[in-house]
Amino acid sequence: MSTLNASFVQNMPIVRPEYFFIIGLSGIPYSSYYYIFLFITYFIAVIGNSIVLLIIALERSLHSPKYIGVFNLALADIGETNAVIPNMMKTFFSDSQFISYNACLANMFFVNFFITVQSVTLVVLAFDRFIAICLPLRYHALLNNTVMSLVFLVVWAFNTSLVALAASLMTRLSFCKTNVVQSYYCDYGPVLRLACNDNSINIFITNLIAALFLVAPLCIIVLSYMGIFFALSKITTWEARLKALKTCVSHLILVGIFFLPVICIFIASSITSLTPNARVISTSLSFTLPPMLNPIIYVLNTAEIRVLIRKVLKKRIVPIRNISK
């Protein structure tokens, strides 16, 4: 009987809904205020990351391997926030929570793509710090602008192909039960769970992406910092150790605000069953807060950018004082 059922499911025509219904936050009073909060974080993220992009692009002293990585991270942050929040605002403030099938797949692709780019960029920046501290004399031989640019070209190409494969495999699924997505955007997992035919290939690709872009990056970053701390332990003076460690502070904070929310969500979902509203709030915060905080952290913790901003402000303030006199 099970064999007959399996063959019947395989021979079923693929059912693709014209629209998906994005449920978002349901049954929570004043939920619109939460969406306004997310829009404020979006505004800060776009402005902050745009400033970082402009500073790095216009200031020749920042045209170095490290800042190519920072530039790439700011670009991915802008891409991710633009993929998530404007669509969300349009959906919930226009009182139309429907999204077309093709728009859903596109939304799914861009959100997942930019998240994977963020993850890999943090790995590349960890490698940059590892080479700078553990192999300082070989830094310029191993890492230069050309090498870093080629690395990110490969990253973007590889991530595009793998995430596009995952999104395209959704077209082989049949959605014959419901079209209600328990999320605030076309989230891959909730959409995948709506399928009523065999989705084993999709689950495999999902696990592969999670392993490549969440588990592996975190492990590589941890190993990199183990090497960095071992190298720092060989430095004789505490002043030299702290000076070297200060160059890693910004990156460590970025790693924390990117990976900790994901780890907490994973642990919470393993211990207990998260309600749809809890999942929406936790994932939306983990997606929107890091892009907002990243440029702030780099401006506050990076001496080169702080000095550059002071120079610009002094140039603007001095003429104003002269005019006032």
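All positions are counted from 1 along the displayed chain.
Glycine is treated like the rest: Cβ placed from N, Cα and C.
Unlike curated entries, TrEMBL annotations are predicted automatically.
As annotated by TrEMBL, transmembrane segment applies to 33-55, 67-85, 105-127, 147-170, 208-232, 252-272, 292-309. The annotation domain 'G-protein coupled receptors family 1 profile' is assigned in TrEMBL to 48-298.
Tertiary proximity for the transmembrane segment (252-272) is limited to same-chain residues at least six positions away from its ends with a CB under 8 Å from its CB atoms, namely 73, 118-119, 122, 125-126, 214, 218, 221, 225, 279, 282-283, 285-286, 289-290, 293-294, 297, 301. It is 67-85 that, among the stretches 67-85, 105-127, 147-170, 292-309, forms the most Cβ pairs under 8 Å with the transmembrane segment (33-55). Contact counts against the transmembrane segment (147-170), taken as Cβ pairs under 8 Å, peak for 105-127 among the stretches 67-85, 105-127, 208-232, 292-309. With a threshold of 8 Å between CB atoms, the same-chain residues lying at least 6 positions outside the transmembrane segment (208-232) that come near it are 112, 115-116, 119-120, 122-123, 126-127, 129-130, 133-134, 159, 162-163, 166, 241, 244-245, 248, 252, 255, 259, 262. Mean model confidence of the domain 'G-protein coupled receptors family 1 profile' (48-298) amounts to 89 (pLDDT, 0 to 100 scale).
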